[in-house]
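See below for the structure under consideration.
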Amino acid sequence: MANPKPKKLTKGTLPIYVVLTIASLLSLFPFYWMFVMATRPSAAYNSIPPTLLPGTQLVENFQKVLDTIPFFQAMWNTIILCSAVTIGVLLISSLAGFAFAKFQFPGKNFLFILILLTMVIPPQLGLIPQFYLISQLGWLDTLLGAGVIFLLNPLGIFLMRQYVSQSVPDELMEAAKLDGCSNFRIYWSIVLPIIKPAFATLGIIVFTLVWGEFLWQFTVLRDPSSYTLQVALASLNNAFRVDFGMLLSGVFWATVPLIIIFLMFNKLFISSITEGSIK
Amino acid sequence: MESVHKRKQVAAKAQKRKLSEKKKDMISGYLYVAPFFIIFGIIGLYPAIFSIVLAFQKWNGLGDMQFVGMQNFVIVLQDPLFWKSLYNTIIMGLMGTAPQLIVGIILAYFLNMAVIRFTNFFRVTIFMPYITSMVAVALVFGVFFSSNETALANYVLGLLGFDPVSWKTSEWGAKIAISLMVFWRWVGYNTIIYLAGLQSIPKDLYEAATIDGANKVQQFLHITVPLLKPFIILTVFMSTVGALQLFAEPTVFLGSSAFNRDEAMTVVMYLYRDAFNLGSFGTASAAAVLLLIIIIGAAALNTWLTSGAGRKKRGV
């Protein structure tokens, strides 16, 4: 953005910079500290004053993580789970959002209000029957069982309906119909390309949601080979004597990929928050 | 004569085509919303109803269910641990979210000031905690707030002249540590929402107020806060509902002792423990139903308070 007036550091703005800098440092410190601890032997933790500079044990600590939990397996499981759920939610939501935005059918408003109501039900209400259902289906300790409940994403339908009705012109649909396009063809060849930006927004919301969710994954995934990152990391803390260096090494390596993705797409992440919550 | 007849025929044909087109659209409509509603029926609605039914049964998840009326509710409501967990949830909810919203508004206000540079850098760093998972946050803060005397938090307390705190086993230590991690992770998220709200306020309002002689504080109270109200309502609502569902942070923070201690047990932890550690699905479901009622009550109270406060303000 072109700025006509150059912004100068004046006396009046100094306190504001101080506040913002402190807020930034406090936001970043745990990340830095996690890195420091991941490079230090556990004993460093007991030193006074506390160590605040990185050490040399980065590899050793991570080796201990690998010996304790199936880290790469868990990373892989998490990526598969998040990707599959994200693709599923995008397809389900865009189909339904398209229908709610562009078609007339009896009961449409009722169904839409029903979707909005489902947003209010806390996920814990159904936890026990869901667990029972998944165990009856034999899906405990599987990514299918861990992922299926996340396909239920009312926010996605809400966002997609909004986006389709704003950005897909009725005339375009009429024209396509005159050319003999079926409704599904219109969805696939016209609507999907137009709503790509909404896919990016919703995709980030769903991916980070599933990546970080704990309660359900913790309930369904009991076997270490089926662990996702969150469950695996949490299990590191269950030992009687926890090796802090190893613990934070696990957290560090599990967080690094997300930080890299975030720094690359930070604008998209931040706009997904406002779009996902304000519409 | 003939041409009129023909025209009529064409019109009827067009009508018919339009009708069948309408019918097709109707079928497509149902077909396209079907995947969501099928999944909703199986994974959402059925478990929710099942949960409410279960709340009136005695069941360990294996044998036959036995109808026990209100007994599960009586058991839960007479259990001091349930009330303790509700108390903990509310206290940690207040301590974790109220400061978060206030600090969020202040940071957003600063970030929105035209004279401030590097806003993108500040915005990204302040938002960054949100991308870390709750488990990661709980583990990092778990080391930071470990019960060791040499824990970093205790070292900082020592510098300030306080005695070390046993963060994981004391009534207030656990609550403060957990509230702080909730605060740290969410403050940037709320800042971003408030920032979007501030950016939606037209600049000429401030210019007009400046011309009329209103100072910065008056502008903040009479322009910023009222116009930001929808965003405040939204964040208060989301934080309230989120706070009542607190589970991951205390569970991971306390590790193996999470379900054996009561300093930081939340309502969701209580129901989880009933179901999966004690095998009492009935009382756990009763607790889940109570949680639903509490959440609906809190949401209604929220709406009532915010709309009531708004009416009063307009009346003045």
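Note: Cβ is positioned from N, Cα and C throughout, glycine not excepted.
TrEMBL has this to say about the protein:
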DOMAIN    A:75-265  domain 'ABC transmembrane type-1'
TRANSMEM  A:12-35  transmembrane segment
TRANSMEM  A:74-98  transmembrane segment
TRANSMEM  A:110-132  transmembrane segment
TRANSMEM  A:144-164  transmembrane segment
TRANSMEM  A:185-211  transmembrane segment
TRANSMEM  A:244-265  transmembrane segment
Folded-back contacts onto the transmembrane segment (A:185-211), same chain, C-beta under 8 angstroms, at least six residues removed: 78, 81-83, 85-86, 89-90, 93-95, 98, 147, 150, 153, 155-156, 159-160, 163-164, 167-168, 172-173, 176-177, 229-230, 258, 265, 268-269, 271-272, 275-276
Recorded stretch that, among A:12-35, A:110-132, A:144-164, has the most CB pairs under 8 Å to the transmembrane segment (A:74-98): A:144-164
Contacting positions for the transmembrane segment (A:110-132) when only residues 6+ beyond its ends and CB under 8 Å are counted: 100, 149, 152, 154-155, 157-158, 161, 215-216, 219-220
Chain residues outside the transmembrane segment (A:244-265) and at least six past its termini with a C-beta under 8 angstroms from it: 31, 34-35, 37-38, 40-42, 44-45, 57-58, 61-62, 64-65, 68-69, 71, 75, 204, 208, 211, 229, 232-233, 236-237
